[in-house]
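Scroll down for the structure; my scribbles are underneath it.
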Amino acid sequence: MAPGCKTELRSVTNGQSNQPSNEGDAIKVFVRIRPPAERSGSADGEQNLCLSVLSSTSLRLHSNPEPKTFTFDHVADVDTTQESVFATVAKSIVESCMSGYNGTIFAYGQTGSGKTFTMMGPSESDNFSHNLRGVIPRSFEYLFSLIDREKEKAGAGKSFLCKCSFIEIYNEQIYDLLDSASAGLYLREHIKKGVFVVGAVEQVVTSAAEAYQVLSGGWRNRRVASTSMNRESSRSHAVFTITIESMEKSNEIVNIRTSLLNLVDLAGSERQKDTHAEGMRLKEAGNINRSLSCLGQVITALVDVGNGKQRHVCYRDSKLTFLLRDSLGGNAKTAIIANVHPGSRCFGETLSTLNFAQRAKLIKNKAVVNEDTQGNVSQLQAEVKRLKEQLAELASGQTPPESFLTRDKKKTNYMEYFQEAMLFFKKSEQEKKSLIEKVTQLEDLTLKKEKFIQSNKMIVKFREDQIIRLEKLHKESRGGFLPEEQDRLLSELRNEIQTLREQIEHHPRVAKYAMENHSLREENRRLRLLEPVKRAQEMDAQTIAKLEKAFSEISGMEKSDKNQQGFSPKAQKEPCLFANTEKLKAQLLQIQTELNNSKQEYEEFKELTRKRQLELESELQSLQKANLNLENLLEATKACKRQEVSQLNKIHAETLKIITTPTKAYQLHSRPVPKLSPEMGSFGSLYTQNSSILDNDILNEPVPPEMNEQAFEAISEELRTVQEQMSALQAKLDEEEHKNLKLQQHVDKLEHHSTQMQELFSSERIDWTKQQEELLSQLNVLEKQLQETQTKNDFLKSEVHDLRVVLHSADKELSSVKLEYSSFKTNQEKEFNKLSERHMHVQLQLDNLRLENEKLLESKACLQDSYDNLQEIMKFEIDQLSRNLQNFKKENETLKSDLNNLMELLEAEKERNNKLSLQFEEDKENSSKEILKVLEAVRQEKQKETAKCEQQMAKVQKLEESLLATEKVISSLEKSRDSDKKVVADLMNQIQELRTSVCEKTETIDTLKQELKDINCKYNSALVDREESRVLIKKQEVDILDLKETLRLRILSEDIERDMLCEDLAHATEQLNMLTEASKKHSGLLQSAQEELTKKEALIQELQHKLNQKKEEVEQKKNEYNFKMRQLEHVMDSAAEDPQSPKTPPHFQTHLAKLLETQEQEIEDGRASKTSLEHLVTKLNEDREVKNAEILRMKEQLREMENLRLESQQLIEKNWLLQGQLDDIKRQKENSDQNHPDNQQLKNEQEESIKERLAKSKIVEEMLKMKADLEEVQSALYNKEMECLRMTDEVERTQTLESKAFQEKEQLRSKLEEMYEERERTSQEMEMLRKQVECLAEENGKLVGHQNLHQKIQYVVRLKKENVRLAEETEKLRAENVFLKEKKRSES
């Protein structure tokens, strides 16, 4: 922002303080180029600058191929002072905070770009009193100076409260810097407050010094570390917040304005290759860069939204953006100080910072005054009326602005929509989480199922491979198994066992049950958190509160009825009380029914969940037993397979033996082969006789191949048939084992279930016995209550009879009417007294108004005194400024004296140099050319120093000229002050004269107004009295008729209620009898149920015994089967050993068929027994369900009994209420018998009213005369009001003059601050010059010290060598730098 635009901006903010800002909505961006540090000049790369400032609003970045230009609100170069930065950036925001707007100032830039210096100042010294202090201390000073000014202007009518909080965001965690012991804090959002930090300490401050103490105390707790780019680098974002609350009172109306001033020091963005960060520093840098990138994303999104695009602004991605949400596109006036490093080494970070600042400049905030108006209702109504009149006046000239109500409605609608959206978002998040959990569970299930399928496939493959391998071995090998093959078979069997174990572990049913268990637990938790349960609890609390409130109201009404004596108020209150009690009873009944329903639902749900849990537990135990059985089966299968392998080995060996031995089923050469038939018995004997003769021939004769092949084929066919039979039997056996396993699981499940049911039944028995005892006790109590109610009913009947006798007396009605008339007369007298009291009250109000007028005059005098005080303060400040100027002059004089001393030193040095030059001229012939060159270089340096001294002298002259200019300005200000004093004195004299005249005329007006008011009051009171008397007479007549009707209706209603109560009592007794009978029936049913349960338990035990028997039978059958298999093996062995023939014996097949038939019969018997057991189990389950239904029905009946008991209690309470009402009616009747009014008094009062009318007509005539006088007074008043308006205009003019003077004073103060900063800068430069002069003096001393010519030559040569060496080193370093740059380019 240009300096010339400062005053314009301030005027805009002042003019828009009481309405939403329009022009100042855009974020103000201020770019500051880092001031040079002491060590910056020595660093390589900083000598080449990449920035140049074109004007106060634009800068140029020297980029390739073309330079880029950026324009901002203000651009500060290297020589800009801290005061100018504060004046352009912070002043306007602090002023807007004073007028009720929120304000934010934050510094942005890379690490080491001067953010902390800009916001705080130098870190070495005390920032609050230092001339180079930053924006935060200066904003404290300016804020509290504005507060003091407002307090002086408003006096006691305006008060301020300032609170400070200081937090930091470190590694995306919020910490309170004012409380070092605090842990991580949290951000919350409020409709009115906005985003705020929960639990942050707020300290009240009353001055700038206290605020700075709070800041420095928190700053010491901030996390700071050193990096290669910065000695003290901020490792966190610091946010210092000042809450300003101003309260202004005017005519009992309180205007409260609250505003927030956020002063933010952001941590700088950094690159790891530049800072060389490692470990914790690297993590900190990552978190800093992440939060700053979120800030950049938010700004780009806000720019897109401003351009009309629909984008989501991700405030919640970072704690920093969420905290500064109102500052970025919200309710705040924001200024950004973009700090930039001018060195070419930081070109990338500088470019990104400038781009960020350019985007931020496009954001527009919507700042609104945070104001709340409170006060008396009458005062607020008057204010509203005044504002409406102003609006009507404005409407005649221009269109009215948009109403605030529509805005508020829009805001409220927006907030409602936002809350709904947030609720939907939370619900969707919860649903999403639950769905993700379900998906993960389903994925686990699918994985387990896939594993199960794979394991099954592997088992099938293993078995097929094993069968194929055994067949091959059987066909190919002639001997036993090799050891390698046996090992391989064992390994394969082990693999198969492992797959079976994995199959058991990843069984899908187990996973499914686990998932169902998890889902049921979640459902249980969800149902516990259901709204009906919570609502029932809330309804209980509400009903208790309502009942207590109703009881307190009824007791209060009864006390008031006892204290009062009249009949009419009781007659009005009693029906109201009756209606209220009826309503409360109805509400009670509804609430109790709802409670009972909710409790019933909750109990049912509990029972269902318990049953479900029991079933799941039983299933789990059955599955565990099934797993054990499977493991046993695995071990059995292992043993069976080992036996089968050994048997196959034996069979193979025997078959080989049979094949290799020679047979006797053929004859050699031409001998026929004998057939094995039953007809060959005789031939067999002959054959056996000649067998000894033929043995030698058979043994010596070779076996023909055809016979070998036939024998082999026969054996192979027989083996196949046997194998097929074996496989079929094995399949049947597997099926039977699988069925047995299922039966075993089912039996285990039933056993576990039966144990659980036994436990349940035992617990329910105990509960039923307890309930039975409770019911019996309740029945006894109810019987006692019934007896009590019967006695009370008899008592009530006697009372009702007495009341009927009393009610028949009609003469008492006349006495009640007379009583009412007398009460009317007393009321009329009371009202007359009230009117007189009102009259007195009005007079007191008039006196109070006079006192207020006097107070206003006193306040005007106080204002005059405050104005005088302000003038004195102005004088004091001008004196202080003049003293400061004098001090400044003295300091300038001291500087001049220092300069003179320096000049004298320079002259002395010149003289020394002249002497040296004369010596060198004498020794010119002997000296070399090199020494002359060195001397010339020394002379050039001296000339440079002299030129610098001359520049300093020129600067000093400029400072003197600026001092003269400031003195002229001060003299002109003094002259203007004197002229203003004269004008103010004249104005004050005129004001005093006008005050005296106004006071005199106001007194006359007040007296006239009072007389007029008195007359009006009298006239109005007379008219009101007359009308009220008429209305009262009519009301009394109507009330008498109403009372008669109400009495008649009351009697009828009481008769009806009495009859209803009798019927209710009879019904209650019947219900009690029914309940007793029902309880007896229930006890009988319970006993029968217990007996049935015992029977069922006996049945279950019998079934268990049968199951055990069946198990034993199955085991016996297994043993028989094994025995028969052994017999089969024995038969096979005998067939193999028999040398008669290669074929099987004829009885083998028949024996096998018989065995198979017996096995089939046994299997069918097992199936029949299984079906019978299943039928028995289903019957038992049905019986159990029937018993459960009966138990539930009995519970419902018990609940109905409890409801009946509650209804009987309610009837008793009704009886008590009716008895109380009857007592009230008796008392009213007794009171009505005592008083009798007189009708004659009405006539007397009417005559008095006629007389009053005549008197009032006379008063009206006098009033007309007074009105004419009043009009004259009003015209005079109008003239005085015009004079008052002129006076107010003059006061406003004086206020504008005062504000101008304040602004000029602030400008002078800022100029003085700038001059102080320049003075410090010049002093630093002077110190640098002194050091350089001292260095030159030392060098000269060295040169002077070397008087010997040979020593001088050696010294010069040494210097030359050092210079050459340094030049070579610099060239090497430059070459290495160029090489590294080229290497980086080639790598990129």
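All residue numbers here begin at 1 and follow the chain in the order shown.
From the backbone N, Cα and C atoms, a Cβ is placed for every residue, glycine too.
Note that the structure is a prediction, hence the values are computed from the model and not measured.
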Inset, instruction - Could you check Swiss-Prot and say which of K742, K1009, K1251, K1383 is marked as N6-acetyllysine? - result: K1009
Inset, instruction - From the list S125, S233, S928, S1169, pick out the residue that Swiss-Prot labels phosphoserine. - result: S1169
Legend entry - T399, T1144 - the residue Swiss-Prot records as phosphothreonine: T399
Legend entry - Cβ neighbours of Q110 (ATP binding site) where a neighbour is any other Cβ within 10 Å: 25
Inset, instruction - Please report the DSSP secondary structure of K115 (ATP binding site), reduced to three states. - result: helix
Inset, instruction - Please report the DSSP secondary structure of G109 (ATP binding site), reduced to three states. - result: coil
Inset, instruction - Quick one: give me the count of other CB atoms within 10 A of the CB of G109 (ATP binding site). - result: 28
Inset, instruction - Please report the number of other Cβ atoms within 10 Å of the Cβ of G112 (ATP binding site). - result: 26
